[in-house]
Amino acid sequence: MSDPISFKVILVGDGATGKTTFVTRHITGEFRKQYISTIGVEIRQLPFYVAGQSCPNGREVLLNVHDTAGQEKFGGLRDGYYVDSDACLLFFDVTNRVTYKNVESWYRDVFRICPTRRDASTGEEKPLAIVLVGNKCDVKDREIRTQTVKFHRSKNIPYVEISAKDNFNYELPILSILRTLLNDPTIQFSQAPALLPADIGMDAATREQINKDLEAVNNVPLPDDD
């Protein structure tokens with residue numbers, strides 16, 4: 001197995017969109033937690049084990065996940081939270097239209113401070129790896145339907161919907177950023193991430209429809225006037 005490699009991942013988005021829950025439901029390997037009061041952030045180091053064309057014998061990846069610890073409720077985040085990031089998971093709540101409207105502002109803040117990352121293998125400057133994450137897709141009374149989400153297409157970033165209560169698609173945001181950071185679209189988990197048991201169970205038809213809609217919104221280009 002190749003030597004472990006580590007990356008800094010930041011979680012951004014309005015409060016109560018599920019950022020902290022997303023991290024704490026991952027219980028793979030050793031769980032480390034650190035709080036840095038100067039920038040109001042909790043850091044959790046999560047290990048993932050992957051394999052692909054670039055690492056056929058497998059590789060351990062350590063994600064140092066920086067969580068706001070609720071600081072976004074008090075007038076934004078300090079610039080130090082963003083500095084030297086390799087990847088960003090940008091959250092909104094599909095049951096709250098305001099959190100989706102605020103995605104643009106969060107995206108702007110991130111790229112004002114950290115528009116690029118240093119490639120792990122070449123040392124070149126590359127765009128920050130970012131994934132748009134719509135949480136709480138298990139709720140039937142959604143305010144934001146999958147088909148209406150367009151922000152990711154205007155920025156050419158992936159969009160994933162997840163359910164913290166169901167563990168639905170929970171591995172996809174991490175897998176997406178790992179493929180970008182390791183420059184390898186064939187990357188898969190060689191060991192499935194261990195998650196806390198699901199609180200609910202979405203029916204198979206709902207799961208299938210959401211993933212079908214996600215495939216459509218991730219592959220259909222925006223109209224010229226959007």
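Cβ coordinates are placed from backbone N, Cα and C, and glycine is handled just like the others.
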Stated Swiss-Prot location of region 'Switch-I', expressed as one of 33-41, 96-104, 132-140, 213-221: 33-41
CB within-chain contacts under 8 A for G18 (GTP binding site), separation at least 6: F91, D93, N135, K136, I162, A164
Fewest other C-beta atoms within 10 angstroms, as judged across D14, D138, which are the binding-site residues: D14
Cβ neighbours within the same chain of A16 (GTP binding site) - under 8 Å, at least six residues apart: D93
